[in-house]
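Here is the structure we will look at, set down as C-alpha coordinates.
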Amino acid sequence: MDLLVTLLLACTFMANLANAGNLYKDLDLTWGDGRAKILNNGDLLTLSLDKTSGSGFQSKNEYLFGKIDMQLKLVPGNSAGTVTAYYLSSQGATHDEIDFEFLGNLSGQPYTLHTNVFTQGKGNREQQFHLWFDPTKDFHTYSILWNPRHVIFMVDGTPIRDFKNQEAKGVAFPKNQPMRIYSSLWDAEDWATRGGLIKTDWTKAPFMASYRNFNADACVWSSAGKSSCTANSKSSTSAWFNQELDSSSQERLRWVQKNYMIYNYCTDFKRFSQGLPPECSLP
Ligand SMILES: *[C@@H]1O[C@H](CO)[C@@H](O)[C@H](O)[C@H]1NC(C)=O
(Lines of atoms letter the chains of each structure in order from A and count residues from 1; the text may use other names and numbers.)
(Lines give C-alpha, C1' and ligand atoms only; values in the text may rest on other atoms or scores of the structure.)
Protein backbone atom coordinates (compact mmCIF):
# COMPACT_ATOMS: atom_id res chain seq x y z
CA MET A 1 0.00 0.00 0.00
CA ASP A 2 2.75 2.44 0.95
CA LEU A 3 4.57 1.60 -2.22
CA LEU A 4 1.46 2.32 -4.26
CA VAL A 5 1.02 5.70 -2.60
CA THR A 6 4.65 6.53 -3.25
CA LEU A 7 4.29 5.55 -6.87
CA LEU A 8 1.14 7.61 -7.24
CA LEU A 9 2.88 10.62 -5.73
CA ALA A 10 5.84 10.12 -8.02
CA CYS A 11 3.48 9.97 -10.98
CA THR A 12 1.73 13.11 -9.77
CA PHE A 13 5.02 14.93 -9.59
CA MET A 14 6.12 13.82 -13.02
CA ALA A 15 2.76 14.59 -14.55
CA ASN A 16 2.99 18.14 -13.21
CA LEU A 17 6.49 18.61 -14.53
CA ALA A 18 5.46 17.33 -17.90
CA ASN A 19 2.47 19.65 -18.10
CA ALA A 20 4.28 22.74 -19.27
CA GLY A 21 4.66 22.76 -23.03
CA ASN A 22 3.65 19.15 -23.43
CA LEU A 23 2.10 19.22 -26.87
CA TYR A 24 5.29 17.93 -28.52
CA LYS A 25 5.29 15.08 -26.04
CA ASP A 26 1.64 14.06 -26.45
CA LEU A 27 0.67 14.83 -30.03
CA ASP A 28 1.86 14.10 -33.56
CA LEU A 29 1.06 16.34 -36.51
CA THR A 30 -0.27 13.89 -39.06
CA TRP A 31 -1.34 15.68 -42.20
CA GLY A 32 -1.62 19.03 -43.93
CA ASP A 33 1.92 19.51 -45.23
CA GLY A 34 3.00 22.16 -42.72
CA ARG A 35 -0.49 23.53 -42.08
CA ALA A 36 -0.49 21.98 -38.59
CA LYS A 37 2.01 23.61 -36.23
CA ILE A 38 3.16 23.32 -32.64
CA LEU A 39 4.31 26.70 -31.38
CA ASN A 40 5.54 28.49 -28.25
CA ASN A 41 7.71 25.62 -26.99
CA GLY A 42 4.84 23.20 -27.17
CA ASP A 43 2.20 25.38 -25.49
CA LEU A 44 0.08 25.98 -28.57
CA LEU A 45 -1.01 23.97 -31.58
CA THR A 46 -2.67 25.49 -34.64
CA LEU A 47 -4.42 23.81 -37.55
CA SER A 48 -5.12 25.64 -40.75
CA LEU A 49 -7.25 25.07 -43.79
CA ASP A 50 -7.06 26.58 -47.23
CA LYS A 51 -8.49 25.61 -50.59
CA THR A 52 -5.74 23.02 -51.17
CA SER A 53 -5.82 21.17 -47.85
CA GLY A 54 -6.85 21.00 -44.24
CA SER A 55 -4.63 19.63 -41.49
CA GLY A 56 -4.70 17.39 -38.47
CA PHE A 57 -2.99 15.78 -35.51
CA GLN A 58 -3.37 12.72 -33.33
CA SER A 59 -2.25 11.63 -29.89
CA LYS A 60 0.87 9.53 -29.58
CA ASN A 61 -0.89 7.38 -27.01
CA GLU A 62 -3.94 5.20 -27.17
CA TYR A 63 -6.16 5.27 -24.13
CA LEU A 64 -8.59 2.87 -22.56
CA PHE A 65 -10.71 5.11 -20.33
CA GLY A 66 -9.74 8.51 -19.10
CA LYS A 67 -10.62 12.11 -18.55
CA ILE A 68 -9.24 14.04 -21.46
CA ASP A 69 -9.30 17.83 -21.62
CA MET A 70 -8.31 20.16 -24.42
CA GLN A 71 -8.76 23.88 -24.83
CA LEU A 72 -9.87 24.98 -28.29
CA LYS A 73 -10.40 28.33 -29.94
CA LEU A 74 -12.35 27.93 -33.14
CA VAL A 75 -12.10 29.55 -36.57
CA PRO A 76 -13.42 33.13 -36.16
CA GLY A 77 -15.49 35.25 -38.51
CA ASN A 78 -17.09 33.66 -41.54
CA SER A 79 -16.25 30.01 -40.90
CA ALA A 80 -19.21 28.52 -42.77
CA GLY A 81 -18.31 25.19 -44.33
CA THR A 82 -15.35 24.53 -42.04
CA VAL A 83 -15.45 21.68 -39.57
CA THR A 84 -13.13 21.29 -36.61
CA ALA A 85 -13.30 17.67 -35.54
CA TYR A 86 -11.94 16.55 -32.19
CA TYR A 87 -12.60 12.93 -31.27
CA LEU A 88 -11.48 9.65 -29.81
CA SER A 89 -11.50 6.62 -32.06
CA SER A 90 -10.31 3.05 -32.25
CA GLN A 91 -9.49 1.26 -35.50
CA GLY A 92 -11.41 -1.05 -37.79
CA ALA A 93 -14.90 -1.82 -38.98
CA THR A 94 -16.28 -2.38 -35.48
CA HIS A 95 -14.57 0.65 -34.04
CA ASP A 96 -15.71 2.80 -31.14
CA GLU A 97 -15.70 6.56 -31.46
CA ILE A 98 -16.58 9.56 -29.31
CA ASP A 99 -16.99 12.75 -31.36
CA PHE A 100 -16.98 16.48 -30.94
CA GLU A 101 -17.37 18.31 -34.24
CA PHE A 102 -17.65 22.07 -34.52
CA LEU A 103 -19.53 23.28 -37.58
CA GLY A 104 -18.58 26.80 -38.55
CA ASN A 105 -21.08 29.44 -39.54
CA LEU A 106 -21.44 32.90 -41.02
CA SER A 107 -20.08 35.81 -38.98
CA GLY A 108 -22.21 36.44 -35.94
CA GLN A 109 -24.13 33.19 -36.29
CA PRO A 110 -23.71 30.39 -33.76
CA TYR A 111 -21.49 27.40 -34.31
CA THR A 112 -23.11 24.00 -34.09
CA LEU A 113 -21.45 21.56 -31.74
CA HIS A 114 -22.19 18.13 -33.13
CA THR A 115 -21.64 15.03 -30.95
CA ASN A 116 -21.89 11.34 -31.70
CA VAL A 117 -21.01 8.02 -30.10
CA PHE A 118 -20.10 4.95 -32.14
CA THR A 119 -19.97 1.52 -30.55
CA GLN A 120 -18.92 -1.59 -32.44
CA GLY A 121 -18.97 0.40 -35.67
CA LYS A 122 -22.49 1.71 -35.19
CA GLY A 123 -23.16 5.43 -34.77
CA ASN A 124 -26.39 7.29 -35.59
CA ARG A 125 -26.44 8.81 -32.13
CA GLU A 126 -26.16 12.48 -32.98
CA GLN A 127 -26.90 15.26 -30.58
CA GLN A 128 -26.25 18.87 -31.56
CA PHE A 129 -25.94 22.00 -29.49
CA HIS A 130 -25.38 25.69 -29.72
CA LEU A 131 -22.99 27.11 -27.15
CA TRP A 132 -23.72 29.72 -24.50
CA PHE A 133 -20.63 31.72 -25.50
CA ASP A 134 -18.73 32.64 -28.65
CA PRO A 135 -16.23 29.77 -29.09
CA THR A 136 -14.03 31.86 -31.39
CA LYS A 137 -13.25 34.67 -28.92
CA ASP A 138 -11.38 32.69 -26.26
CA PHE A 139 -10.15 29.23 -25.46
CA HIS A 140 -12.72 26.94 -23.85
CA THR A 141 -12.21 23.49 -22.39
CA TYR A 142 -13.82 20.52 -24.11
CA SER A 143 -13.60 17.29 -22.14
CA ILE A 144 -14.45 13.67 -22.55
CA LEU A 145 -14.89 11.66 -19.40
CA TRP A 146 -14.83 8.01 -20.39
CA ASN A 147 -15.11 5.32 -17.78
CA PRO A 148 -16.73 1.86 -17.76
CA ARG A 149 -20.17 3.30 -17.00
CA HIS A 150 -20.35 6.66 -18.75
CA VAL A 151 -19.16 8.71 -21.65
CA ILE A 152 -19.71 12.29 -20.54
CA PHE A 153 -19.13 15.24 -22.87
CA MET A 154 -18.29 18.47 -21.06
CA VAL A 155 -17.80 22.08 -22.04
CA ASP A 156 -15.94 24.19 -19.47
CA GLY A 157 -16.83 21.55 -16.91
CA THR A 158 -20.54 21.67 -17.72
CA PRO A 159 -21.86 18.30 -18.89
CA ILE A 160 -23.76 18.49 -22.17
CA ARG A 161 -24.25 14.78 -22.80
CA ASP A 162 -24.10 11.59 -20.75
CA PHE A 163 -24.00 8.37 -22.79
CA LYS A 164 -24.59 5.72 -20.18
CA ASN A 165 -23.54 2.12 -20.25
CA GLN A 166 -26.77 0.32 -21.08
CA GLU A 167 -25.36 -3.06 -21.93
CA ALA A 168 -28.17 -4.51 -19.85
CA LYS A 169 -30.50 -3.32 -22.64
CA GLY A 170 -28.26 -4.84 -25.29
CA VAL A 171 -26.63 -1.53 -26.26
CA ALA A 172 -22.90 -1.90 -26.89
CA PHE A 173 -20.64 0.35 -24.82
CA PRO A 174 -17.04 1.34 -25.64
CA LYS A 175 -14.91 -0.54 -23.13
CA ASN A 176 -12.58 -2.98 -24.89
CA GLN A 177 -10.96 -1.04 -27.70
CA PRO A 178 -8.26 1.51 -26.92
CA MET A 179 -8.80 4.83 -28.65
CA ARG A 180 -6.54 7.56 -29.89
CA ILE A 181 -7.34 11.28 -30.04
CA TYR A 182 -7.68 12.76 -33.51
CA SER A 183 -8.35 16.28 -34.59
CA SER A 184 -8.64 17.92 -37.95
CA LEU A 185 -9.75 21.10 -39.61
CA TRP A 186 -11.32 20.41 -42.97
CA ASP A 187 -13.85 21.72 -45.44
CA ALA A 188 -17.27 20.13 -45.41
CA GLU A 189 -19.52 22.71 -46.96
CA ASP A 190 -21.81 20.03 -48.38
CA TRP A 191 -22.47 18.47 -45.02
CA ALA A 192 -21.96 21.30 -42.59
CA THR A 193 -24.17 23.96 -44.09
CA ARG A 194 -27.44 22.12 -44.45
CA GLY A 195 -26.61 20.41 -47.71
CA GLY A 196 -24.24 23.01 -49.12
CA LEU A 197 -26.67 25.89 -48.74
CA ILE A 198 -23.82 28.21 -47.83
CA LYS A 199 -20.45 28.03 -49.55
CA THR A 200 -17.10 28.31 -47.85
CA ASP A 201 -15.72 31.81 -48.44
CA TRP A 202 -12.20 31.03 -49.60
CA THR A 203 -11.29 34.71 -49.69
CA LYS A 204 -11.16 34.36 -45.87
CA ALA A 205 -8.65 31.48 -46.01
CA PRO A 206 -6.48 30.31 -44.40
CA PHE A 207 -8.89 29.37 -41.63
CA MET A 208 -7.28 28.60 -38.30
CA ALA A 209 -8.20 26.76 -35.08
CA SER A 210 -5.99 26.73 -31.97
CA TYR A 211 -5.41 24.21 -29.19
CA ARG A 212 -3.67 24.32 -25.83
CA ASN A 213 -3.57 22.82 -22.33
CA PHE A 214 -4.04 19.22 -23.32
CA ASN A 215 -4.43 17.01 -20.30
CA ALA A 216 -5.15 13.29 -20.15
CA ASP A 217 -5.81 11.65 -16.82
CA ALA A 218 -6.09 8.39 -18.57
CA CYS A 219 -5.17 4.76 -18.79
CA VAL A 220 -2.51 4.59 -21.48
CA TRP A 221 -2.60 1.49 -23.61
CA SER A 222 0.75 -0.10 -24.36
CA SER A 223 1.61 -2.36 -27.26
CA ALA A 224 1.93 -5.19 -24.76
CA GLY A 225 -1.83 -4.93 -24.37
CA LYS A 226 -1.72 -3.56 -20.85
CA SER A 227 -2.97 -0.24 -19.69
CA SER A 228 -1.45 1.93 -17.03
CA CYS A 229 -3.21 4.87 -15.49
CA THR A 230 -1.57 8.17 -14.78
CA ALA A 231 -2.72 10.51 -12.11
CA ASN A 232 -2.12 14.19 -11.62
CA SER A 233 -2.56 16.43 -8.66
CA LYS A 234 -6.11 17.45 -9.42
CA SER A 235 -7.73 14.08 -9.67
CA SER A 236 -6.56 10.66 -8.77
CA THR A 237 -7.31 7.83 -11.14
CA SER A 238 -10.15 6.54 -9.05
CA ALA A 239 -11.91 9.92 -9.06
CA TRP A 240 -12.69 9.92 -12.77
CA PHE A 241 -12.82 6.17 -13.08
CA ASN A 242 -15.91 6.04 -10.89
CA GLN A 243 -17.26 9.48 -11.64
CA GLU A 244 -20.94 10.01 -12.34
CA LEU A 245 -22.96 13.18 -12.52
CA ASP A 246 -24.00 14.35 -9.08
CA SER A 247 -27.35 16.08 -8.71
CA SER A 248 -26.06 19.58 -9.39
CA SER A 249 -24.24 18.37 -12.53
CA GLN A 250 -27.43 16.64 -13.64
CA GLU A 251 -29.24 19.91 -13.19
CA ARG A 252 -26.69 21.71 -15.39
CA LEU A 253 -26.98 18.94 -17.99
CA ARG A 254 -30.74 19.48 -18.08
CA TRP A 255 -30.20 23.25 -18.39
CA VAL A 256 -27.97 22.73 -21.44
CA GLN A 257 -30.29 20.20 -23.00
CA LYS A 258 -33.33 22.39 -22.47
CA ASN A 259 -31.79 25.64 -23.72
CA TYR A 260 -29.01 24.73 -26.14
CA MET A 261 -29.75 21.35 -27.67
CA ILE A 262 -30.86 21.76 -31.27
CA TYR A 263 -31.00 18.12 -32.35
CA ASN A 264 -31.43 14.88 -30.45
CA TYR A 265 -31.60 11.55 -32.26
CA CYS A 266 -33.60 10.22 -29.33
CA THR A 267 -36.54 12.44 -30.21
CA ASP A 268 -36.33 11.99 -33.98
CA PHE A 269 -39.41 9.83 -34.45
CA LYS A 270 -39.47 10.53 -38.18
CA ARG A 271 -36.00 9.11 -38.64
CA PHE A 272 -36.60 6.13 -36.37
CA SER A 273 -40.13 5.38 -37.48
CA GLN A 274 -39.61 1.71 -36.62
CA GLY A 275 -38.90 2.69 -33.02
CA LEU A 276 -36.25 4.72 -31.24
CA PRO A 277 -32.92 3.07 -30.40
CA PRO A 278 -33.11 1.13 -27.11
CA GLU A 279 -30.83 3.52 -25.20
CA CYS A 280 -33.35 6.30 -25.80
CA SER A 281 -36.09 4.88 -23.61
CA LEU A 282 -36.09 6.21 -20.08
CA PRO A 283 -35.09 3.86 -17.28
C1 LIG B 1 -25.84 28.93 -38.45
O2 LIG B 1 -26.69 29.87 -37.84
C3 LIG B 1 -28.07 29.68 -38.13
C4 LIG B 1 -28.84 30.87 -37.57
O5 LIG B 1 -28.79 30.91 -36.17
C6 LIG B 1 -28.52 28.34 -37.58
O7 LIG B 1 -29.87 28.13 -37.85
C8 LIG B 1 -27.67 27.24 -38.19
O9 LIG B 1 -28.00 26.01 -37.61
C10 LIG B 1 -26.20 27.52 -38.02
N11 LIG B 1 -25.44 26.55 -38.82
C12 LIG B 1 -24.41 25.87 -38.34
C13 LIG B 1 -23.77 24.95 -39.32
O14 LIG B 1 -24.02 25.98 -37.21
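Cβ from N, Cα, C; glycine included.
As recorded in TrEMBL:
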type: ACT_SITE; residues: GLU97; note: active site, nucleophile
type: ACT_SITE; residues: GLU101; note: active site, proton donor
type: DOMAIN; residues: 1-211; note: domain 'GH16'
type: CARBOHYD; residues: ASN105; note: N-linked glycosylation site
type: SIGNAL; residues: 1-20; note: signal peptide
Distance-selected recorded positions near ligand 1 (C-beta under 6 Å), from GLU97, GLU101, ASN105: ASN105
Cβ contacts of the residue listed as 'active site, nucleophile' (under 8 Å, same chain, 6 or more positions away): TYR87, LEU88, SER89, SER90, ASN116, VAL117, PHE118, GLY123, PRO174, MET179
